[in-house]
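Trainee: Before we start, here is the structure in question, set down as structure tokens.
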Amino acid sequence: MSNTRTDTGTLLALTFVVSFCSFAYEFVYSELLTVMYGGTVTQYVITVGLYFFSLGIGAALSDDLDATDLGGNFFRTEVFLAAVAPAGFLLIVALNSVRIPQSIPSEVIWMTARLPVVVVGFLSGFELPLLTHMVDELEDGEATMPNWLRSTCGQIHEIMVSILGTVWNVKRTDGRRSGLSLVLAMDYVGGLAGAVVYARVLYPGIGLIPTIFVLALLNGIAALVFVAHFGDWAWWPVGGGKRTSRELSIGHVSKTLLVVCLVLTASYAGVVAKHDTADEQLSELYLEQQIENRYPPGAMRATVTSQETTTYQHVIRYNRTWTGTGPNPYFTGRTEQCLRLGSAVQLCESWADSYHQGLVDVPMSLVEPGPKTNVLVVGGGDWIAIDHLREYDVSVDHVDLDGEFMQQAKTDPFFRTWHDDAYEYDRLNTTTADGYHYLQETNETYDLVLLDIPGATDDDLLTLYSAEFYRSVRNHLSDEGVVATWGYSPDSYPQHHKAFVNTVGTAGFTNQLSYWVREDLDSDGQSERVEKFYVFAPGERRPLTGDGETAYVRTHEQYRTVKWHAVPRYRGVRVNSIFHPNYDILVDT
Amino acid sequence: MNTSMRRRKFLYTSGLGALGALAGCLGSKSPPPRKSSVVADFETSDGSLVIDLADETWVMSRYEPNHQSISGVSPIGIASAKGKGGGVGGRGATGRGSGGYSSAPRTKHGHAWFYGGDYADDWYEDHGNEVSRYGVGIAALGIAYLGSTEAMKDDAPDAGPVAWDETFDNPDDTVAYDLTSRNEFNRDGWYRVGTHVVGSDTDHDFRWECYDLEVTGLGDEKFTIEEQWKVSPRI
């Protein structure tokens, strides 16, 4: 009886562990797919949906597994899970790193990227039925439960029945718990633990890449514990040895699979022990490949020089080096330093200046310089836009969410080159807050609002591209006020563009100026496009050129042809709203 | 077939079906390329590429004209972007640069239609009330060498302007250009011809309609156009 209790306890503990892993895998995949493809809600909902669907398929097919080899099949399932889960993770990363021929339909890529979710769900679907049958096979009911578990379950049961009795008619039963109820209960507890530990410990503590290896390690250990406990292993201290005919037998376990399991577990243990290095190297590899894929094959080499994660964003510094044949068409020289925030390129040495000229020096032609002009900068935690505004002696309110990044940028030599300690500007008032909430609370009005914000690459930024946000900006504009922002190319991102202009138009902006900032980036005597900008206004405004034009606009001929136009509107394109998001506004970079 | 086999078959089929359906519903919802009539034909003649513009030039668009027109359309200028590609893949014919030309759907003028196909016709049928046909004028025409046939397999640019090697403002109905006259052109491979279209009666910049041509035999001045793809922005 004592051995049987230990066996049941072992199986229930294993149920907890495999359920923990199974749930956590899906969260890892959901987050990874969000990072890769954007759209948090979509990715989480689809992943969870696919997971439960596959779980059901696996559970339904589990009846076809040989009932005389429950243990062997459970062991195989765990080894396969330990192997497949990290492989699936790497597959998704690879899909976003390697060059995929353009002839492959996007549906195929979509399905391939969700395959790991389906496979892990399918394999996990075997676990519960197998464990239930094994618990049932050991001994019927409560008598086989370890004393501590029986006592705990009894107490919880008493409390739950008392609560039920307040609303329903209940009749206390002292009968035995079935194997299914025990395993299900442990499965749900394991699932909850997996969710909480993933959200509070693993993901924030060690990151996504090491987490998948921790989970696979747990799966591997679970498989080894199982085979050690229920196999014929004399060295196993608990419950090993010869078993009676009533007890669970593990059946035949392939030695090859056992070796595979040992190797995988040992490898994962090594990765987890060195998780900092593994995380850094894998993410560097992925990032470098992703950056290089933006250029023709063999044209550019990317080397990540540093990366850190603040509360709000992933800050990546890298060098890009021209390795193509012929002259470098992207920038002067062979190597330059760039900065990415998340998946969006934020700054490169070759165009840092011209970007900020487009953001600040062009729209400054539409307002008067001097302290009476109020300017709001949303974002711009690198302080560079502030440096440009300082030249016009205007009063600046600056709001950025990421105080940690702003603090680092103050002293970072790379940023200091560009911002020239602009954070010390005496007409500057900086607030660390979310731009949308800041506008909800402030009573200030502004002559110029500059949106120096990241691209619309994930759900977290949907608010800053919503009709509510732009309506709020419009409500804080002075009579002649305008808002300026950078924008994606309508040719490269047509769906984003249409959703964006419809959103801005709905917020009450009727007129727009759009222009490209150009610079001779590669010193070939011809200027290239650097960035596209938009200035929006809720009515007619003065022309860009003329009496008020800045020195920058005056010296660049291209702005002579830039005129105000009506903000276009496109039929059948939904506005992006906070409570009814249009995910077309998100771009896949 | 026993019950177990039927159940297994049902599960496999429904599993694959559900995943396929999900992929279809969620994988790509990109609208198709816009329809247009801008270039009627490309020909070769005495070493020149002859671009014959359509008699009636128009584009389909979801643009909704409002009546707050501020000023006449002013072409934004000739693009010379050398930057990143957009990566906005989607359904439809995608064989540009990697085979599939002969089976690709054709436009009215006989060009292979990049990202076109049956789904595009379905989309236009389902969204007939959202699109309108606008007469357009051609403010500029640009020609650029994109790269060798090999290079195009991996790095074909998306719709839209590229760094033009040669441009023509307000072009005539027929533009002839000697591809052998400049070093950067006198190479086999892929060329892009782009037309910057602006509304004739509407104050709107419809941006660029482009055509990618695979040209061979440039060295002996009797070159031929192997493939002609119409590459339009999505509507």
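Note: Cβ is positioned from N, Cα and C throughout, glycine not excepted.
Taken from TrEMBL, the feature active site, proton acceptor applies to A:D452. TrEMBL lists A:283-539 with the feature domain 'PABS'. What TrEMBL lists as transmembrane segment is A:12-29, A:41-62, A:74-96, A:182-203, A:209-235, A:256-273.
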Trainee: CB neighbours of the residue listed as 'active site, proton acceptor' within 10 A?
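Mentor: A 10 Å sphere around the Cβ of the residue listed as 'active site, proton acceptor' contains 23 other Cβ atoms.
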Trainee: Within the same chain, where does the transmembrane segment (A:182-203) have neighbours whose Cβ lies under 8 angstroms from its own Cβ atoms, ignoring anything closer than 6 residues to its ends? I mean 6 or more beyond.
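Mentor: For the transmembrane segment (A:182-203), the far contacts come to 8, 11-12, 15-24, 27-28, 31, 128, 131-132, 135, 145, 153, 210-211, 214.
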Trainee: Take a look at A:12-29, A:74-96, A:209-235 and tell me which one has the most Cβ pairs under 8 Å to the transmembrane segment (A:41-62).
Mentor: A:12-29
Trainee: The transmembrane segment (A:209-235): which same-chain residues, six or more beyond its ends, come within Cβ distance under 8 Å?
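Mentor: For the transmembrane segment (A:209-235), the far contacts come to 7, 10, 14, 17-18, 20-21, 24-25, 28, 71, 74-75, 78-79, 81-83, 85-86, 89, 198, 202-203, 241-243, 248-250, 253, 258, 261-262, 264-265, 268-269, 271-272, 275, 278-279, 282-283.
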Trainee: For the transmembrane segment (A:74-96), could you work out the same-chain residues 6 or more beyond its ends whose Cβ comes under 8 Å from its Cβ atoms?
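Mentor: Same-chain contacts beyond the flanks: 18, 21-22, 25, 28-29, 32-33, 36, 109, 112-113, 115-117, 119-120, 123-124, 126-127, 130-131, 134, 209, 212-213, 215-217, 219-220, 222-223, 226-227, 250, 253, 257, 260-261, 264-265, 268, 282, 286, 290.
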